[in-house]
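Copied from TrEMBL, the annotated features are:
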ACT_SITE  B:HIS497  active site, proton acceptor
BINDING   B:LYS95, B:ASP359  FAD binding site
BINDING   B:GLY225, B:ALA226, B:SER227, B:TYR228, B:VAL229, B:ALA230, B:LEU231, B:GLU232, B:GLY317  NAD(+) binding site
DISULFID  B:CYS86-B:CYS91  disulfide bond
DOMAIN    B:40-375  domain 'FAD/NAD(P)-binding'
DOMAIN    B:395-506  domain 'Pyridine nucleotide-disulphide oxidoreductase dimerisation'
Amino acid sequence: VEQSPPQSPGPGKAGDAPNRRSGHVRGARVLSPPGRRARLSSPGPSSSSEAREELRRRLRGLIERSRVMIFSKSYCPHSTRVKELFSSLGVECNVLELDQVDDGAKVQEVLSEITNQKTVPNVFVNKVHVGGCDQTFQAYQSGLLQKLLQEDSAYDYDLIIVGGGSGGLSCAKEAAILGKKVMVLDFVVPSPQGTSWGLGGTCVNVGCIPKKLMHQAALLGQALCDSRKFGWEYNQQVKHNWETMTKAIQNHISSLNWGYRLSLREKAVAYVNSYGEFVEHHKIKATNKKGQETYYTAAQFVIATGERPRYLGIQGDKEYCITSDDLFSLPYCPGKTLVVGASYVALECAGFLAGFGLDVTVMVRSILLRGFDQEMAEKVGSYMEQHGVKFLRKFIPVMIQQLEKGSPGKLKVLAKSTEGTETIEGVYNTVLLAIGRDSCTRKMGLEKIGVKINEKSGKIPVNDVEQTSVPYVYAVGDVSEGKPELTPVAIQSGKLLARRLFGASLEKIYHTLFWPLEWTVAGRENNTCYAKIICNKLDHDRVIGFHILGPNAGEVTQGFVAAMKCGLTKQLLDDTIGIHPTCGEVFTTLEITKSSGLDITQKGCG
Amino acid sequence: MAAMAVALRGLGGRFRWRTQAVAGGVRGAARGAAAGQRDYDLLVIGGGSGGLACAKEAAQLGRKVAVVDYVEPSPQGTRWGLGGTCVNVGCIPKKLMHQAALLGGLIQDAPHYGWEVAQPVPHDWRKMAEAVQNHVKSLNWGHRVQLQDRKVKYFNIKASFVDEHTVCGVAKGGKEILLSADHIIIATGGRPRYPTHIEGALEYGITSDDIFWLKESPGKTLVVGASYVALECAGFLTGIGLDTTVMIRSIPLRGFDQQMSSMVIEHMASHGTQFLRGCAPSRVRRLPDGHLQVTWEDCTTGKEDTGTFDTVLWAIGRVPDTRSLNLEKAGVDTSPDTQKILVDSREGTSVPHIYAIGDVVEGRPELTPTAIMAGRLLVQRLFGGSSDLMDYDNVPTTVFTPLEYGCVGLSEEEAVARHGQEHVEVYHAHYKPLEFTVAGRDASQCYVKMVCLREPPQLVLGLHFLGPNAGEVTQGFALGIKCGASYAQVMRTVGIHPTCSEEVVKLRISKRSGLDPTVTGCG
């Protein structure tokens, strides 16, 4: 899958006029507007949350349009050091001195929401948040800064996401909706038993979805028993057929896999079924099933590789035991089963297997459902016991031996007490390990670009905005440290991350104040009449809102309404010749977007 | 527990003097038994959900309480025990029969999930009815015991007012008894309406008062009406395999969101319930073979048509049980249109010490939990020094049609009427419950919509959910709406995966956008 090196649309190249009011300067010198202070947040009757959203958009705009954007305070020595650093590198910076604008405090607040950094200087290089003074100098020393400065929009992608699970996919789709060029790398390394699956990650393939369906199958067994009491009549012994169920569930999963592929395609997200491994800054190697390697670069990365089940590290475990990775597509009924572990995965699996009428034993090292309310956990345990699940408490397996091959075969499990020297033996058809999960972070070259992981857990520490120790690399989902391992959490954080990275605004608003000709002579006030259109960025800047405050507003509006019905776009408006001198003509010359924050007051004859 | 009860009672005893002293002035004009000499502190007329809640609460507060309850047999002769409509001929048996029907659906699902059940599986009405009736009888008994435990005096008599403090009760044998009380709460509820103008209606038709107590299967049934009672009954009758037809004159589920209502009907129709829309029955006759011949008129064309059924079930509304109460003797005002009792926000009637709660009251939702809560709050105001009023806004409810419909807050129509189309944003989604996929069930009508104000942060005005377990899904969100939840807050709520209720927190598509609201895949 050779990707032609594409030109990133680069939002900075749209030819926006320099922002004169925000203290924007070239070459690290600050020019405050003489006489009065600039405001970044728009004045006017908008509510505070709207104003904040507006300010956020504007900051995002500044960051996106500037090669180097420094939020600074004029008296801050750290800010000065950073400015001098860029100056010595001969790099032009856009500097906003927060102490010299009216709403500096608000800007600082919003910045801290975006970056989780409350202090100045707050430095962005080519849209990547580098951090404060120390981080900037560290990046300079490690060469990262130069790298960031060099690669001005020359990456293949705006965003590459490693891992096509719930979190990764939601992030990818959201970023694509926001107009970014996005790639998803997803590759399922087969389990030790050889099980592998399609796009969608744990939840869809080997987690929530098949688990809940098997749970439902078990509940139906109960419902069948109930139904006799409710007057339904059948006499035969009802038996459960594992193969029928598994086939139906796997069919459903295949349709979901397909659905994900389709939705990525619809949103123009590139999907590559290859294993991703970082090779250098901003560059990742993708290796496919056949061992072919392709290299891709991106401005930003999201790691969403999730976790896989842990093995015990005892004799026979990888050879003979299965995990939740294998259970849901097991081609034969597992028969008499030992479930090792007391996690919710362990208890859920034990529960539905028992519901099918299988002989199920759960081996528990210490407590049930660690982290949950223990009174409730024990009640879950006793309910399961009443419904036929056996529990072996305070034992751990030490060896698994195969007695017989087959589908299923026969395994001998040797276990020892956690409290004494007692050992026990048992014979099972299937041993299911559910003792925890390990994150997939060790073999993806994170050390090559300096992304720190927790050596013990393998998880990636991230800050409140999901950023890793490397500014342009983020992590979401089960792989990030200290976050709940739940699908909806991953989905939500992936989506929010994309919105923070690329701004959520799908609408472009153009506006202006104007002074009707008739009012000039009459000496009526200037800058009260206002025109505004709202365009949908995703739909060729189609005009979706039209507002005018001024004389004859109804007469002016009517014609434009008809035009909107016909699919009016900003381009069409720009191509229209104005009728001079009227009020309506302002709509043919709208230039200033609301998010630019530029001045719209009229000073002379337009 | 006992110690606490004693302590509470002791406390109530002390307060009693104070309240009486205060209330004494109000009762200056009382005729009959004088203050302090009356038989009871509180007399509750009607032993349904609301009445029993009042009685138990007052007893808890140490008051001397009596409950009078009497079930006038239905025209078909059906009668039942203590507990009122909900327990005997309403929510409880209805939900159990609904469950029986759901189980029928699950039996059809089971083979997809690997259970080897030979289809079709027949259903035995007698067995179900007996199990349901046994459960109801155990609840009747439970209510009796609870009253006894709390030392509430229970009279199985038919009550009518003698004066504003005195009630005359007639027992089954005709024996009369006079009871007087300082405070009286009327909670007699309602009974199904018979279309008495239709020939044969009273003679041959049954109502929800009878259906749950039938010993034999109703067979091929015509349900007349478009209330939730009508649709629920038709739903479970169809679900247990009976040939069922619903005759609707105008719109289904009046007062509910109409988009949701029509989807409820669509779902029922696609699952075998037959509908006769825009028709009204004109007469019912018994044929020589015992079947009932129903004649109806198509309201638009005026054409007549007939059909034969085993059972005709009227579910065209309910009338308040006020006629035999002699309310005029006490001076309690009722609405001339509905005969329901008029009350203020404190549940007070036109007579200061007489109150009314539940279905018998004008303008209140006819729901068990509202009656219970209104009753408790009323008693706490009367005897517990509280001043909390019942809040009748945002009362959640669920219609247990085969595909359940849960709702809280405003319907889309009501929201638009109150706030204007421009100020209302509706988010919606067609979703597929995970369990439906493997079973190959059709999820065309699984749908959720949230009606919000358009102004950020988009206060949630109403939530409407059509799908399995709708009641369970709606309850929590009802709390959210009570707490003033906004769309923004709901969207920041992490879902529980994989459930149907998570669809609510994933609502992203507004109706206004015109985008396809079909949910595909996860997230």
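Backbone N, Cα and C atoms are what each Cβ position is placed from, and that goes for glycine too.
Listed recorded positions: B:CYS86, B:CYS91, B:SER227, B:LEU231, B:ASP359, B:HIS497. Those with a CB under 8 Å from a CB in chain A, in sequence order: B:HIS497. A helical conformation is recorded for B:CYS86 (disulfide bond) in the three-state DSSP classification.
Note on proximity: of the recorded positions B:LYS95, B:GLY225, B:SER227, B:LEU231, B:HIS497, the one nearest B:CYS86 (disulfide bond) is B:LYS95, by Cα distance.
Closest to B:GLY317 (NAD(+) binding site) by Cα-Cα distance, out of the recorded positions B:CYS91, B:LYS95, B:HIS497, is B:CYS91. The record gives B:GLY225, B:ALA226, B:SER227, B:TYR228, B:VAL229, B:ALA230, B:LEU231, B:GLU232, B:GLY317 for NAD(+). Within 8 Å of the mean position of their Cβ atoms, the other Cβ atoms in that chain belong to B:VAL223, B:CYS233, B:LEU253, B:ALA315, B:ILE316. The separation of B:GLY225 (NAD(+) binding site) from B:ASP359 (FAD binding site), Cα to Cα, is 19 Å. Calculated from their C-alpha atoms, the gap between B:HIS497 (active site, proton acceptor) and B:LYS95 (FAD binding site) amounts to 27 Å. A separation of roughly 10 Å, to the nearest angstrom, links the Cα atoms of B:VAL229 (NAD(+) binding site) and B:CYS91 (disulfide bond).
Comparing the recorded positions B:CYS91, B:VAL229, B:LEU231 on other C-beta atoms within 10 angstroms of each C-beta gives the minimum for B:CYS91. B:LYS95 (FAD binding site) carries a helical DSSP state (H, G or I). Across the range of the domain 'Pyridine nucleotide-disulphide oxidoreductase dimerisation' (B:395-506), the DSSP-based residue counts are 39 helix, 31 strand, 42 coil. For the recorded positions shown (B:CYS86, B:LYS95, B:ASP359), fewest C-beta neighbours within 10 angstroms: B:LYS95. B:GLY225 (NAD(+) binding site) is 18 Å away from B:CYS91 (disulfide bond) when you measure Cα to Cα.
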